[in-house]
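Enquirer: Sharing the record's features from Swiss-Prot:
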ACT_SITE  Asp42  active site
ACT_SITE  Glu114  active site
BINDING   Glu38, Asp111, Glu114  Mg(2+) binding site
DOMAIN    3-125  domain 'RNase III'
DOMAIN    152-222  domain 'DRBM'
Amino acid sequence: MQLERLQKKLGYQFANLDYLTQALTHRSAASKNNERLEFLGDSILNFAIGKALYEKFPKANEGELSRMRAALVKEQTLAVVARQFELGEYMKLGAGELKSGGYRRESILSDCVEAIIAAVYLDAGIDRAMERVHCWYQQLLNDMQLGEAQKDPKTRLQEYLQGRKLPLPTYEVIDIKGEAHNQTFKVSCKVEKVDEIFIGNGTSRRKAEQDAALQVIKVLGIK
């Protein structure tokens, strides 16, 4: 009954429910989990979104298309998609992950979305998988516009400082917590002529640096 409700939310009925069950299974819960599906789904998602952007923005150059795609397939965006389906309610997690609130964690939710995309592909083929991606992303694709906002925070901050002939920011990892497979990074960002030290957090060093750069952008009012 639970999977029936989820399939209605997804807008897709599986011929082989085993694919969906595996897509919902985190590595903490079973050896037959969604990691391989996530790997496959990531490729399908990138292709589907890339094709949609290529068709929607015929005048966009390669860099602009890449930045827009990155914004749509990043962890935070996938987590938004996951919450639309309330995926956390359907996932199978180990006791430790459940206790620590893994069903709310963006990294776990985003991986699950990618795994479900792969599950649809294995169940019904590439056309059906791409159709579901386009449906789930329809509003996000409609809202997508060319422009500065598609550049990641580090790039925007760097270009802002370079345009004013100021030194580039310095990033430093100040803390790492958690096991090797589930780490949280804390990074500081320092900008010359700004007294404040900005702190960012993320599941990788790169994500933490992006988060720190975003804090700088907000304070400096960079558009």
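Even glycines carry a Cβ here, placed using N, Cα and C.
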Enquirer: Do you know which of the recorded positions Glu38, Asp42, Asp111, Glu114 has the most other C-beta atoms within 10 angstroms of its C-beta?
Expert: Asp111
Enquirer: From the Cα of Asp42 (active site) across to the Cα of Glu114 (active site), what is the distance in angstrom?
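Expert: Asp42 (active site) has its Cα 6 Å from the Cα of Glu114 (active site).
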Enquirer: Cβ within 8 Å of the Mg(2+) site centroid (Glu38, Asp111, Glu114 excluded): which residues?
Expert: Asn34, Glu35, Leu37, Phe39, Gly41, Asp42, Ser110, Cys112, Val113, Ala115, Ala118
Enquirer: With DSSP as the reference, give the number of residues of the domain 'DRBM' (152-222) in helix, strand and coil.
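Expert: Computed counts for the domain 'DRBM' (152-222) are 27 helix, 20 strand, 24 coil.
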Enquirer: Tell me, roughly as an integer, the mean pLDDT over the domain 'RNase III' (3-125).
Expert: 92
Enquirer: Taking helix as H, G and I and strand as E and B in DSSP, count the residues of the domain 'RNase III' (3-125) in helix, strand and coil.
Expert: 89 helix, 2 strand, 32 coil
Enquirer: Do me a favour and check the Cα-Cα span between Asp42 (active site) and Asp111 (Mg(2+) binding site); whole Å is fine.
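Expert: So the Cα of Asp111 (Mg(2+) binding site) lies 8 Å away from that of Asp42 (active site).
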